[in-house]
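> Right, I'll just put the structure down here and ask away after.
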Amino acid sequence: MFEFEITSNCSNTAARTGIFHTPNGQVNTPKFMPVGTLATVKGISSKQLTSTGSEMILSNTFHLHLQPGEKLVKESGGIHKFMNWPKPILTDSGGYQVFSLAKLNNISDKGVEFKNPRDGSYVFLSPEKVIQIQMDLGSDVAMAFDHCPPHTANENDIEDSLQRTHSWLQKSVETHQKSNQALFGIVQGGKYPKLREYSAKYTSSFDLPGIAVGGVSVGETVEEIHSVINYVPKFLPIKKPRYLMGIGSLKEISLAVANGFDIFDCVLPTRLGRHGTAFFNDERLNLRNARFKNDFSPIDKTCKCETCKSYSRAYLHHLIRNDEILGLTLISLHNIAHLIRFTNAISTAIRDNCFTNDFAPWKTSSIAHHTW
């Protein structure tokens with residue numbers, strides 16, 4: 001039911017193309033995955049999302065547990081039917097909220113007690129509970145519960161959190177019983193190579209359908225992020241899909257692909273879109289700026305997204321300056337399409353054996369726009 005098929009390999013790097021087969025369709029990798037935290041990519045309908053070329057989205061277990069609740073989603077027929085998205089869905093475990101809501105939680109080896117940011121009540125999540133929630137949601141891919149520590153934690157604290165992550169992985173595997181849902185484990189270990197290696201080997205030993213690398217892009221320096229991207233894949237199984245969590249910049253994606261990663265997610269396309277910022281090549285355009293008032297060109301004349309085919313920078317500037325919701329939607333749509341197009345172009349370059357010429361971030365200060 002779940003299979004990862006490697007379809008081509010780069011001759012100079014570890015980059016590869018593949019097909020991740022799921023019960024709700026296939027994901028052609030490398031692929032960017034938009035974030036739909038509450039079973040919605042903010043401001044965008046499922047039909048609009050399909051137009052961007054998106055093949056898989058991410059939703060958040062913790063937030064869906066709080067509202068509307070996994071039982072209601074299950075009663076509706078599962079998350080795909082609930083949100084009218086027929087393609088694959090991955091649900092993260094809530095491990096990131098262990099990091100992002102650190103001031104509102106208490107952590108023990110049994111799980112995490114959160115203070116509900118909505119009403120102040122307390123919610124306890126154990127690895128077993130997190131898996132049960134994801135089984136009720138009915139996602140294609142469930143993530144094992146993990147402890148994502150802050151990048152400022154010292155090595156001893158990182159090691160303690162890693163042991164907890166590994167213990168929770170064991171419990172997650174023992175609890176997960178849904179044959180039509182894949183379970184991925186998560187590699188942690190902070191910026192410490194020995195801990196990353198240990199975690200990668202331990203997580204790989206479970207022979208799960210896929211594997212993720214977490215604890216990246218949580219405040220580290222660019223150099224530290226690149227170190228993890230370069231180092232960890234050598235300890236991961238080659239024939240499994242590799243998911244690098246929280247990465248969405250062109251340079252980091254291309255570097256990650258060169259090291260054998262396949263799937264990526266990030267909130268930036270929609271977060272920036274909601275603030276009027278559009279992706280253009282490897283730059284960002286703040287369309288609130290007055291210089292776009294009389295600019296009747298599209299965001300990107302080479303882009304075939306619905307926004308760029310139909311609307312000018314001047315019109316988008318007008319919408320954003322007047323706080324019109326349509327502006328946020330149109331820019332977010334473009335930003336998602338931009339990253340999907342980028343990963344699609346990487347796939348083509350790998351198949352044509354020109355990936356290192358067109359997308360190698362270590363060879364140029366910017367990624368050549370004409371290549372995609």
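Backbone N, Cα and C atoms are what each Cβ position is placed from, and that goes for glycine too.
When I checked Swiss-Prot for this same protein, it listed these features:
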{"type": "ACT_SITE", "residues": "ASP92", "note": "active site, proton acceptor"}
{"type": "ACT_SITE", "residues": "ASP265", "note": "active site, nucleophile"}
{"type": "BINDING", "residues": "ASP92, SER93, GLY94, GLY95, TYR96, ASP146, GLN188, GLY215", "note": "substrate binding site"}
{"type": "BINDING", "residues": "CYS303, CYS305, CYS308, HIS334", "note": "Zn(2+) binding site"}
{"type": "REGION", "residues": "246-252", "note": "region 'RNA binding'"}
{"type": "REGION", "residues": "270-274", "note": "region 'RNA binding'"}
> For the region 'RNA binding' (270-274), what are the same-chain contacts with Cβ under 8 Å, counting residues 6+ beyond its ends?
34-35, 41-44, 284, 328-329, 331-336
> Could you tally the C-beta atoms, other than its own, that fall within 10 angstroms of the C-beta of CYS303 (Zn(2+) binding site)?
18
> Counting distance between Cα atoms, which of the recorded positions ASP92, ASP265, CYS303, CYS308, HIS334 is nearest GLN188 (substrate binding site)?
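Nearest in space to GLN188 (substrate binding site), counting only the recorded positions, is ASP92.
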> Please report the distance from the Cα of the residue listed as 'active site, nucleophile' to the Cα of SER93 (substrate binding site), rounded to the nearest angstrom.
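Just about 14 Å between their Cα atoms.
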> How far is it from ASP92 (active site, proton acceptor) to GLY215 (substrate binding site), counting Cα to Cα, in Å?
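That separation, Cα to Cα, works out to 13 Å.
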> Rounded to a whole number, how many Å is the Cα of CYS305 (Zn(2+) binding site) away from the Cα of SER93 (substrate binding site)?
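That comes out at 32 Å between the alpha carbons.
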> Over all shown protein chains, what is the count of other CB atoms within 10 A of the CB belonging to ASP92 (active site, proton acceptor)?
31
> Which one is it: of the binding-site residues GLY94, GLY215, which Cβ has the fewest other Cβ atoms within 10 Å in this structure?
GLY94
> In the three-state scheme derived from DSSP, which category covers ASP92 (active site, proton acceptor)?
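DSSP call for ASP92 (active site, proton acceptor): strand.
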> Same chain only, sequence gap of 6 or more: which residues have a CB within under 8 Å of the CB of SER93 (substrate binding site)?
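The answer is THR61, VAL130, GLN134, ALA142, MET143, ALA144, PHE145, ASP146, SER172, ILE186.
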